[in-house]
Amino acid sequence: MTRPNPAQTVNDNPFMKPMEWVSLALLAAVIFVVLPMLLDAFRLNLVGKYLTYSFVALGLVICWGFGGILSLGQGVFFGLGGYLMAMYLKLEASSVENTKIQSTPGIPDFMDWNQITALPWFWKPFTSLPFTLIAVIVVPALFAFVIGTAMFRRRVGGTYFAIITQAIAAILTILIVGQQGYTGGINGITDLRTLNGWDIRTDQAHNILYFVNGALLVACILFAQYVKRSKLGRILVAMRDKEDRVRFSGYSVAGFKTFAFCLAAVFAAIGGAMFTLQVGFMSPSFVGIVPSIEMVIYAAVGGRLSLFGAVWGTLLVNWAKTTFSESFPELWLFGLGGLFILVVLAFPNGLAGIYRTYVEPRLTRRAKAPEPAPAALPHAAE
Amino acid sequence: MAEDQGNGLPSALRRRLLMGLAGLPAMALMPRTSFAAAPATAAVNTTGLAVTDTEVTVGVLHSLTGTMAISETGAQQAEKLAIAQINEAGGVLGRKIKVVQEDGASDWPTFAEKAKKLLVNDHCAAVMGCWTSASRKAVLPVFEQYNGLLYYPTFYEGLEQSKNVFYTGQEATQQILASLDWVHKEKGAKSFFFIGSDYIWPRTSNKIARKHVENVLKGTVVGEEYFPLGHTQFNSVINKLKLKKPDVIFTDVVGGSNVAFYKQLKAAGIDLSKQVLLTISVTEDEIDGIGGENIAGAYSCMKYFQSLKNPNNEKFVAAFHKMWGEKTVIGDVTQAAYLGPFLWKMACEKAGSFDVDKVVAASPGLEFKEAPEGYVRIDPNHHLWSKTRVAKALPNGQFEVVYESPELIKPDPFPKGYQ
């Protein structure tokens, strides 16, 4: 590959700009080297949990930052991924031997409490790990495809789309809570123990899962970067800024939007599945409106146009949440609220905005590499 | 035995002198024990808990924020009161209790995270906490994995018995069966209508109640309806009540839904002085929100009411009001939470150790005679033997106890014939 000439069009840009490679290296170094060295097993597991949210934030950068589609229901996909994984783990934990005190041994405990005497049909395939792994990707993608097609073909967008995603999050929560015999209800699916015979509760398992999680995250970042750099990514940005023009140029706007939405859903689902594995349970409190909005905040704090910003934003917000709540158990919500207000008022483009405005110009001046203007910033918040 | 550090020498000296004098007949023995320091840390803590020569760390894990904060505040206050009283009296095995408090934020995964933090990071010797079943289910694997010790205060559905948990509230059969017998005998009740919130506790409780009504009391259940948590529209079910005219309305609606339910019941003209309503989910805390005038006449069954007349309770209520203000009300769970630290202290002292395994082994059979609810005893199944009481709600937000089970009721978390 030859060095790019800055004068060339965006089309010929390499996969990543040098500064972006540095960002990636920095992030990878922090995730894979610095944090594991500095933190004990408990804190590292916490960071692992935070990183699972950053999958969602990453999806939001594509869908909201690039595509201009604000989804306030990403918790739905995070939850789907998490629940599908939890179903597999729960079945494995509910062997006849482990559940012999129940009236019907061999089914999950919450089914027994709800007088269900046989495993429901849609639980049955989840005894298979390969099926579960495929389902974690395919089910949320299909669900997003159905929603996306239904909405975008009718040209439902902007605020209306956000409201509808929120309604879907509410509906799914009510469904899960209401059907407790099949879903564990408000308690969620708890007491998960092994993955294909491997105990996921030990510190060693947490460590391994942490690194698997980190590797998946980097893979997702690279894939997102690939999308961003492709023609598709530029169509997304074009759609965000002048949807009609893209449509009149003969592109299927609905198709591209649906794709972005599905991709965000798949990222969220991967995060959800990793969450279940690392935390050891799944509950409807991740599916509803509040967590969904919280996930949008992660992306907003990090900067919704920056893939790396999304990860840093998620880490920062969750670290602040944990630290504030440990130090000031009675006041921490105010501190967190203050942080959000500060970020939104002072730095509308989040951490990435701070970086672009204050840090990058100095670095690039030193490197004497004139950069093309960053891909058009969006209009003020949609 | 720890001396009051702050009081300085004179009082300590005086006490030793007094003890020495009292010990004169026993000559050689008495001075030895009175001068003996607290047992060595290495001896009472072999598993790396946070125990120093002067302190032992205990966690308090409740929701201070979010929807559950209203309910959990009382429990958390009672635990702090109990710990303060224990510390005043010299602590546990000569060590003052240091509290690490965490906020579960009404969010079950947060409970799990904080429970892990209390055990792994802070090495708490015991944790007082949780309120909802969901939060308990979320922390349970954590306590079992790290061999922690949880004292759980809420009345709950049973179907659980963990080595690492002591349940200081009642399980469902203790709470329900005696009160159903009472309403059957006193009010001649034959037909029942069940109304509950839709989650594990009301469903399990109603299942037990239904079996008891049908098999033991030979009555009928004319209706059974569930509503999502936080539901506020009860008009349709109230119409059904008017139609079916059950002898008893049996409810386990929880939280904010209670407010809407009783107000709508009153607005629909159902007079609780004529219609018997028996609830297992309304304590003084809930009445605070419902308003005494809206629920006056209803019967609640619990093991504790603030108005209980006994010297233990009078002392407890006075101390609680002194610490947390005259206006605070004390409900069933608050009292159960108050028991936790004392039961733990007694078990530690019996075991002569803070080690979780030894504390657990020492617990069955322990008796706590100073409990505000009266005498309680720990069963080998980690639940408490306790009495059940039925009380009538008064317009001032308090209860008047109308029935008390004559004996302590054995806890039976896995009731045969009721599953």
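Counting begins at 1 with the first residue displayed.
Every residue, even glycine, has its Cβ placed from backbone N, Cα and C.
Listed in TrEMBL for this protein:
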| type | residues | note |
| --- | --- | --- |
| TRANSMEM | A:21-39 | transmembrane segment |
| TRANSMEM | A:51-80 | transmembrane segment |
| TRANSMEM | A:129-152 | transmembrane segment |
| TRANSMEM | A:159-178 | transmembrane segment |
| TRANSMEM | A:208-227 | transmembrane segment |
| TRANSMEM | A:248-275 | transmembrane segment |
| TRANSMEM | A:295-319 | transmembrane segment |
| TRANSMEM | A:331-355 | transmembrane segment |
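Here the transmembrane segment (A:295-319) has Cβ contacts under 8 Å with residues 20, 23-24, 27, 47, 49-51, 53-54, 56-58, 60-61, 64-66, 70-72, 74-75, 78, 217, 221, 224-225, 228, 268, 336, 339-340, 343-344, 349-353, 355, 375, 377-378 of the same chain, all six or more residues outside its ends. Only sequence-distant pairs (6 or more apart) were considered; of these, fewer than three Cβ pairs between the transmembrane segment (A:208-227) and the transmembrane segment (A:159-178) are under 8 A, so the stretches are not in contact. Residues 31, 139-140, 143-144, 157-158, 161-169, 172, 176, 210, 213-214, 216-217, 220-221, 224, 227-228, 233, 236-237, 239-241, 243, 256-257, 260-261, 263-272, 274-275, 278, 282, 284, 286-289, 291-293, 295-296, 298-299, 302, 304-307, 309-311, 313-315, 318, 378, 382 of the same chain lie 6 or more positions beyond the ends of the transmembrane segment (A:51-80) yet place their CB under 8 Å from a CB of it. Residues of the same chain lying 6 or more positions beyond the ends of the transmembrane segment (A:331-355) and with a Cβ under 8 Å from any Cβ of it are 297, 299-306, 308-309, 312-313, 316-317, 320-321, 324-325, 377, 380-381.
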